[in-house]
């Protein structure tokens, strides 16, 4: 019995128009083992949908890994055979080794379409599902021998297809012959879908592409979600590529195609969706309860405490009750999700608040079929007066209420302030904690305080030389000078401090002069209090303001009038200024979202717009399982000084926010941070309860293509003391639009930070302290907003503990350095292979190129830059197709030791027992000892280089200078080209003329002395 290969062609999207009218007539042709089948033609459709199964015969299933499946998209020109190259819409090739052997193991894969030439214009992608159906006998793929990398096969897995073959080969249908060059094909893997009994070896092992590039492409099976697979492509043998590690399918990005207006291109004709075009449209029924008048009295005292109850099905919202008011004003808005409408009538009831039972005042019934639709930018709907009715539906004599009812979307300006039906069980006092809000960080400045000297100090003990120092305080920031080197009543310090000040300048600078009388005993000699608002500002490198003398007063409860009676007081000379030319760092420079100086006159112009659509999340973990509830998630996004917070969705593991926000972009080399949190401040939670972290995502804008919409599910990863944990996935839509191309290109040639950071740099030690103070100021200010953005949220978004010691992070940084050195080692290995004639053809070509460059030295630089251009152009084919995200392998978070995590999450200072601290200290000593050895070896090599001419070894220095003299004479009398040829041919000589022993220059260098023998 023969086996079958099934290719399910589902759909394609964003195809290239080919008919000259903005749309193609696409069909798919699949070629496999001299068999050819095609789908139906979809006329005039840029996003066709086929859902057809094409079945092919497989004679021997064991030969399937050596076959290649070709999927080609064409434009049907209705019999016109002219201009065949214009019929081609794109293609995909899949290696047979990646085809699963059952339908249960197969998953839908969305593949980007390939070009057939370097300069052809192709775009779009296609969704496929491929699997084999065999006759019941399972034939495992043939095992490759250890030296299989050198065997040339027809379809080598895990390599990119060679796209330089012309399209006419496909159109003619000629039988393909085997090439000498190794073919490359795409490979699909579905991880986690195999039965439990399937051994791990059933999956094809990762193979090398032959050029130093290993790719492992794995995607998690997700039924209902189409994953777009990206493929690395092999380059020429002389091009180095970075090793791509095998990703865990649980932590990869999943590309999606949500039904948002920007991707649908308004195919339905609803252009009103363009207001929020990066998120799905969500319709709401809005009820604006404005006020009431002439309400009848219900209490014995002749008054009432009215409130309004808005009810729709099982959802019920209430306004605040107003005591003893027959003409109340509420101005409250209620929003009911259209997806959860449970009734056709909206019931608005006015009630009187009472101790035992609330009294009925009147009600109003509104038919939802008569509610108008309002779409921004329409003006707000005008509220109207409605007569109240009794329970039987008859009009009552007194009482009217003013309402406005309409259908709208989340783009409505009433959306952020509205009471939402998904928060129906939240009290009025905690309702503000669930609303979406926009915050702005306070404007920060660096305050420079230069303490110069003091005069005429009065020590408490006459005849004793005072030991004086100065303490400067701004808010919670305190800096102290060193004691004056001269113990006198006129001390001099000449020390400069930097502080972080914020607008509005309500703080005071407190400068205190203290005398150290004894151990642990200090005495205040004088104090001056200065308002920050009176401090002059300085832009860039302008001259500092002139120092000023300030009078010092004794800290006492004396009134200001008594101070004026003093005829004589001590003085202190200070120089104060606000440096507005710096950018106050409140987050790490590596992933900063704002690089603008404090002064608005020095800021850069806008170069673009960043739009973020927070669509939804899925598979969140329950964070309140102990309370019998799941999770109350909300999102926070931070870019520049603008923070946004979405509304909190109550008790939801699959929330759908669909909120869109916009930022101005001034520098492309910045990062936006999106975090997800669980709200613990609803239903009257205590103030000291902290919102729990769920995960966050960082995206660098410079890695995004302009005007392209990125829609992905990002894994929400959180490192905890128990290890790395995935808390779910968040779906984001991102678009970066450039409005000033020239300014954006010139930004790459300008410094990252403002000028002052380079002209008058702040030391690293001080900049870290200032960054921490800026984080505290931002967190304290946002925590005072309403609703508050709490301190734990701000600290997590700003990575407040990023500078703390972590053995895991140290290993990650060491791995990054080793990865860079691997590239240098690859160049050295390539040069060594050339010198040892590992590949004679390549070595001969290098000899020819070397002789050409020696004879024509003016070609050296053009050749180097042309080579760099070719490498960059070739690597463009394998550029990243998706935004960056958290890499657990790079972070060393997947295999970290539990004790290392416990140390990373320990407080400062430590709270662990003494034996654990001792063990960690010994471990740190061991690691530091190895680092110390490496640093010592580097120092020894540098000292040997210095010893060449220092006469520390007189014989070695004499040999070197005599040899240098001989070489100077030889090079002077010999043409440079001859010397270069001789040196080059000597370095590239055949292994037959080489020895295994080290060369004479290496032996000479290693014998030079270093200073290691001088260390104790």
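The backbone N, Cα and C atoms fix where each Cβ goes, and this holds for glycine too.
Annotated by TrEMBL as transmembrane segment, the relevant range among 848-876, 877-905, 906-934 is 848-876. Outside the compositional bias 'Basic and acidic residues' (33-44) by six or more residues, the chain places 9, 19, 21, 23-27, 50, 52, 54-59, 67, 76, 173, 175 with a CB less than 8 A from a CB of the stretch. Beyond the transmembrane segment (958-988), the same-chain residues lying 6 or more positions past its ends with a Cβ under 8 Å from any Cβ of the stretch are 834-835, 843, 846-847, 850-851, 854-855, 857, 948-949, 1004. Annotation: stretch 591-714 has the most Cβ pairs under 8 Å to the domain 'C2' (425-545), among 1-115, 266-386, 591-714.
Across the residues of the domain 'C2' (266-386), the predicted structure has a mean pLDDT of 83.
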